[in-house]
């Protein structure tokens, strides 16, 4: 197969590993800088040009689209889809998962376990919003944040009110979530490929911190997940319409709660921690499922 990898940086661990795994399995791998691709949206013959030449003959495309280039990245990926190229994750599903609120709304509709979450616009509603998520301590998240940036733990109602007012004053869209104390600053990253959890790791926040993201100094370790956690992760990825996803789960007193479904999960943490060839499994999934003009939208909403 001839496989395109949409990535701004060919030197990133995840991009390198996907290219290596593809070459090892006998495929032609081409890394394309997402922002340097441009499109000809012509009737009957949609095209993508790159460095002055049209991109042709691709069987599949692996999107590694960073959060900051979601809009343009999804447009390029959608153009590949219009050309009949099979996407590992499709543009609609990526756009869906990048909107944290939309993701939670879709997951809640399907009855998937979530932390109680509030969303509001008007400052008059702050006291009721705080009560809605069972009061302080609570977590406030900026909707556009990634890698744990823009996430605040408020220990008291007073602190929560001040932080919410500050974010609202900056015209930031925010979510307010119950704090799951029993998770103890740890979450579980389940790596879903197709309809299986192929690898999972526990991420523990460093002392004095509650955000377990590896970018925030969290430490990864091996973990055995429960059947319920496995089913929750697979269902969450399916609701979002993602073939490959990093599903972040908290262990709570009332079962697994989904924090986030990531459409472009990093490979370094999971491969180094588990010793598994995750990149190889992703390429294998493409081989089994990829094919021309198989770009029907998965998921709803």
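The backbone N, Cα and C atoms fix where each Cβ goes, and this holds for glycine too.
Not measured: the values here are computed from a predicted model.
Listed in Swiss-Prot:
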- 104-287: domain 'ATP-grasp' (DOMAIN)
- 141, 178, 179, 187, 211, 212, 213: ATP binding site (BINDING)
- 248, 260: Mg(2+) 1 binding site (BINDING)
- 248, 260: Mn(2+) 1 binding site (BINDING)
- 260, 262: Mg(2+) 2 binding site (BINDING)
- 260, 262: Mn(2+) 2 binding site (BINDING)
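Residue 211 (ATP binding site) carries neither a helix nor a strand DSSP state and counts as coil. Note: the CA-CA distance between residue 141 (ATP binding site) and residue 248 (Mg(2+) 1 binding site) rounds to 15 Å. Comment: ATP site residues 141, 178, 179, 187, 211, 212, 213; largest CA to CA distance 18 Å, whole number. Note: the CA-CA distance between residue 260 (Mg(2+) 1 binding site) and residue 187 (ATP binding site) rounds to 11 Å. With every protein chain in view, the residue among the binding-site residues 178, 187, 248, 260 whose Cβ has the most Cβ partners within 10 Å turns out to be 187. The DSSP secondary structure for residue 179 (ATP binding site) is coil. The binding-site residues listed here are 212, 262; among them, 212 has the most other Cβ atoms within 10 Å of its own Cβ. For the pair formed by residue 178 (ATP binding site) and residue 248 (Mg(2+) 1 binding site), distance between Cα atoms is given as 16 Å, rounded to the nearest Å. Separating the Cα atoms of residue 212 (ATP binding site) and residue 248 (Mg(2+) 1 binding site) is a whole-number distance of 10 Å. The 10 Å shell around the Cβ of residue 213 (ATP binding site) contains 19 further Cβ atoms across the protein chains shown. Residue 248 (Mg(2+) 1 binding site) has its Cα within 10 Å of the Cα of these binding-site residues: 262, taken from 179, 211, 262. In this structure, the C-alpha atom of residue 187 (ATP binding site) lies 14 angstrom from that of residue 262 (Mg(2+) 2 binding site). DSSP gives residue 260 (Mg(2+) 1 binding site) a strand state. Mean pLDDT for the domain 'ATP-grasp' (104-287) in this predicted model: 93.
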